[in-house]
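Peer 1: Pasting the relevant annotations from TrEMBL:
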DISULFID  132-141  disulfide bond
DISULFID  142-152  disulfide bond
């Protein structure tokens, strides 16, 4: 009976250790591009660690697995030091979507192309800066007197982006429609699914 108990205890310890290892190893996000064009996912973790340099090209028809450690899975509000970098990545991604979307009215697209937010490349407008990056003013960066959700509403620029991509995070306090809580261990994020 003592041998059975020791063996049982050893097996139970092995199971606990195995489960702990899998929990500690992290969450796997599978990013799958089902679009007929390349997408550029931008990734920033909770502790501001950039995965794959903060963004990468994901060719049409391809997938990639990203393992994120447990302490990085939880979302939080970005501090000012990262807001402009995060917004720059987001807005460049949004620009690519806006440029291709049929849902954004032509008038809004023209306003963005003519606006002071545009980033020009050799082929014309290739991205948009965030209003914070373009103007560096507290009312656009949600800093100083504008550092609370009550004092930093969406700007006309973030509203244009939000209109094109309703679930995208378009400015610092855009929590209601852009922040999600999930309970699974692993996730599949499909573009154009």
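Numbers run from 1 along the shown chain.
The backbone N, Cα and C atoms fix where each Cβ goes, and this holds for glycine too.
On a predicted model such as this, the values are computed, not experimentally measured, just so you know.
Can you walk me through where each of these features ends up in the structure?
Peer 2: Every protein chain shown contributes to the tally, and the Cβ of residue 141 (disulfide bond) ends up with 22 other Cβ atoms within 10 Å.
Sequence-distant neighbours of residue 152 (disulfide bond) (same chain, 6+ residues apart, CB-CB distance under 8 A): 139, 142, 146, 171, 172, 173. Secondary structure from DSSP puts residue 152 (disulfide bond) in coil.
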Peer 1: Which one is it: of the disulfide-bonded residues 132, 142, which Cβ has the fewest other Cβ atoms within 10 Å in this structure?
Peer 2: 142
